[in-house]
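Q: Dropping a structure here in structure tokens format, bear with me for questions.
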Amino acid sequence: MDDIALRAERVSKVFGQSRVLDDVSFELRRGEVLCLAGENGCGKSTLIKILNGVYTPEAGAAFSFGDAEAVSRITPRHARALGIHVIWQDLALFPHLSVAENIVFDDYVASPFRPLSRRAARQEAREVIERLGVPLDPDTRVEDLSIARRQLVAICRVLRAGARIVFMDEPTASLTRNEVQTLLEITRSLSAQGISIVFVSHRLSEVLAVCQRVTVLRNGALVGTYPTEGMTQTRLSQLMTGRELTLTPRHAACSGEPVLELRHLSRTGEFEDVSLTLHRGEILGLTGLLGAGRTELAHVLFGMNRPTGGELLKNGKPLTLRSNRDAIRNGIAHVSEDRLHLGLVQNQSINMNTAVTVLDELEKPRGFLSPRRLRELTAEWIRRLGTKVNDAELAVSSLSGGNQQRIVLAKWLATRPEVLILDCPTVGVDVGAKAGIFDIIRQLADEGMSIILISDEAGEIWMNSDRVVVLKAGRVSRELTPNAITEASLEEIINA
Amino acid sequence: MSAASAPRRAFRPGAESLEIGIMALLLVASVSFFAVMAPGFLSAVNVRSMAVQLPELGLLSLAMLVPIISGGLNLAVTFTANIAGLTTAWLVQNALGDTGVLGIVAGIAAGLGVGSAAGLLIGVIVARVGAHPILVSLGAMIFFQGLGEFLTRGGGISGMPAGFQWLGSGSLIGIPIPMLIFLLSAGGLAYFMQFTRTGFSIHMIGSNLRATEYSGIDVRRVLIVLYTLSGLLAAIAGMVMLARFNSVRVGHGESYLLITVLACFLAGANPFGGFGRVLPLVLGLMSLQVIASGMNLMGASQHLATAVWGAFLIVVMTLRMPFLKRS
């Protein structure tokens, strides 16, 4: 196993005043799947760009490939010759071109004036597609493909270009669980063909499933490289953040009175016959595979969609929701899984995003919305949720994922809800910031708020729920208490 | 862990206070230029004539600004002004002819009502059908044009009572009435956009309608209100035009349509919605008027002034880009 595909030593990089990479060493074996892990801003991307020839490292670095002589930097030409390729998160495909044209695109670049035969392109693309064993039609336009299929096109493209070392940047970020499984299998088969793969992902469970080793960076420095065998998610996040995350499982027995009751609630084509009771001060974990009806159920509970059957009771009284305004008036708040498009108005200020749910209260007397009161409200919530904000007049998009999520929480907590529905509240949030978000959620429950926590990360659900309901194909398949099972068995139940 | 206290600032997003600076600078620059170059530019006669000419385009631009902030457009503003003016003129001349001031007031109320109803119609369609405002208001524009031409048989209505004409030519405390109407409307609109729930929501809708709806804002109601308001402002413009020319005809002021869009973008309104302010628009309109009048005094053709307006937008846009990128 000492067959080294790429070795980098003493790699540093300085941008202006800040040292983003400090004396990092990196080693990739032939045919292995290595994970590059670390929080946002730890230097992962910079390292990839140096290894790919985009950035020049500071003097003193040394790069070697197998038996070849060491060099002090990798040029883009060098990277090409060595078969180093990066599949960025945005995939960099041409949506208006066909699958085949995308795959053979490098030929267009290599000889811009030579006419290319469509038939030859299709033939060559088909060979690569067959080699990878994936279901792609060379004639489909890339814009008509799902994200998962587009990713396969990107992989075919680098294979065709003779890739020997492939960096994959957050490849699973927008895939469903099944698609992730397919991708992981393809990754394994590539490595069996002798191609080395560097996998960058925030989802620790995938990292541990597919990678043989994991290299951890923190604040631009190397923490170490570890075999994934025997590594746990908790240990890995500790290495990434450098902090002992002191989250202990919650598992509090809950005896509060029922707040929200669902009786045989259905919505045709989305979920069916769901009966649940949410108690005061309880965190109810709602999980299941993507498409099991979790998000759809949340939308009905928030009044965005009408149920087609069954009934909803709030504090024992029947509740009909005609819109989400009805839900808000009845003390129900909803943190959307889609923070970018639905959770926040990204271009508008932090102040406006926090206040948007309570304009009625701020406009007193009628006809005068006091900017001073609006700022005070935001400042109060920023303080209470420990949000890092320099200037609340700036666009909310200027904040990090974790701080944006705190603003989403703030805008809903400002409505003083009794029931808080959280749909994947830690999507796009750093490992370290996740713990902070859950601290807030647990505290809210302790103060008597009833919380529905939706997530597909078994660890999150297991750690933070008093009770767990597993949905499957739109129906309740299991209801259990976390202290009766282990995290691993919950994962199995979800995937079963 | 800073920011326990919110920063105190007079204006909402920082980029928008920049716009006020740019527009003020532009106004000062154009006034200074023509004060030196054009003889009689600062004379009382010229200043007064500028103050009388500005309000028509100004009020129509206000009517355009509100939909632009909401991420839409109201292409029907000029024809809304026409049908509002026609309504008032017809009522005052025929039904209310002998009732004096009361008749004029009732006629104006009816004209403003028709203008608001025209806006309401657009708003309801945009809100209920969800079609793009450009399509809806384009349809409405052609509809109002055709309807107006049909009812007037392509002609116009002229000859308003003296009391009504005073609205176009009179003065109060030294300020021409049209200017007064424009400034009051602009002030009212600025307050509405900045200090009411609906004004707040119009900005939010302009940036992201769905996220605003998810936050519990009744976006349909807001859309209906904002297009009705746009119609009302257009109708006020129609009243001023009727009073000043003592006549009204379908198609009157038609050439203002794209100039109102230009004025809004010149003043830094975001073409994609969410941002735009009244004060820079007022200052920008004043600059446009100064350029037109100044060039007129220097003997240049009216058409050349229009060309300068267009060039102006491109120059200001170019100068503005680096600031926007930085902030």
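In case you wondered, yes, glycine gets a Cβ from its N, Cα and C as well.
Note: TrEMBL annotation is automatic and uncurated.
Quick caveat, the model's predicted, so the values are computed rather than measured.
Per TrEMBL, transmembrane segment is recorded for B:20-45, B:57-81, B:101-127, B:134-152, B:172-192, B:222-243, B:255-272, B:279-298, B:304-323.
Just tell me what is around each of these and how deep it sits.
A: Here the transmembrane segment (B:20-45) has long-range neighbours at 11, 266-268, 277, 279-281, 283-284, 286-287, 290-291, 293-295, 297-298, 316, 319-320, meaning same-chain residues at least 6 beyond its ends whose C-beta is under 8 angstroms from one of its own.
Packing against the transmembrane segment (B:101-127) from elsewhere in the chain are residues 72, 74, 76, 80-81, 83-85, 87-89, 91-92, 133, 136-137, 140, 144, 161, 163-164, 219-221, 223-232, 234-236, 238-239, 242: each is 6 or more residues past its ends and has a CB under 8 Å from a CB in it.
Within its own chain, the transmembrane segment (B:255-272) has Cβ neighbours under 8 Å at 15-16, 18-19, 22-23, 56-57, 60-61, 63-65, 68-69, 71, 73, 75, 77-78, 206, 280-281, 283-285, 288, 309-310, 312-313, 316-317, 320, counting only residues six or more beyond its boundaries.
Beyond its flanks by at least six residues, the transmembrane segment (B:279-298) meets 16, 19-20, 22-24, 26-27, 30-31, 33-34, 37-41, 46, 49-50, 53-54, 57-58, 61-62, 65, 183, 186, 190, 259, 263-264, 266-269, 304-305, 308-309, 312 of its own chain at Cβ-Cβ distances under 8 Å.
Only residues 6 or more beyond the boundaries of the transmembrane segment (B:304-323), in the same chain, are considered here, and those with a CB under 8 A from a CB of the stretch are 15, 18, 22, 26, 259, 262, 265-266, 268, 287-288, 291-292, 295-296.
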Q: Looking only at residues six or more beyond either end of the transmembrane segment (B:222-243), which have a C-beta under 8 A from one in the stretch?
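A: For the transmembrane segment (B:222-243), the sequence-distant neighbours (Cβ-Cβ under 8 Å, at least 6 residues beyond its ends) are 55-56, 59-60, 62-64, 66-67, 70, 74, 76-78, 80-85, 88-89, 108, 111-112, 114-120, 122-124, 126-127, 133, 160, 164-169, 177-178, 181-182, 185, 189, 192, 198, 201-202, 205, 252-253.
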Q: Are there residues at least six beyond either end of the transmembrane segment (B:134-152) with Cβ under 8 Å to its Cβ atoms? List them, or say none.
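A: Distant contacts of the transmembrane segment (B:134-152): 67, 72-76, 78-80, 82-83, 86, 118, 121-122, 125-126, 249-251.
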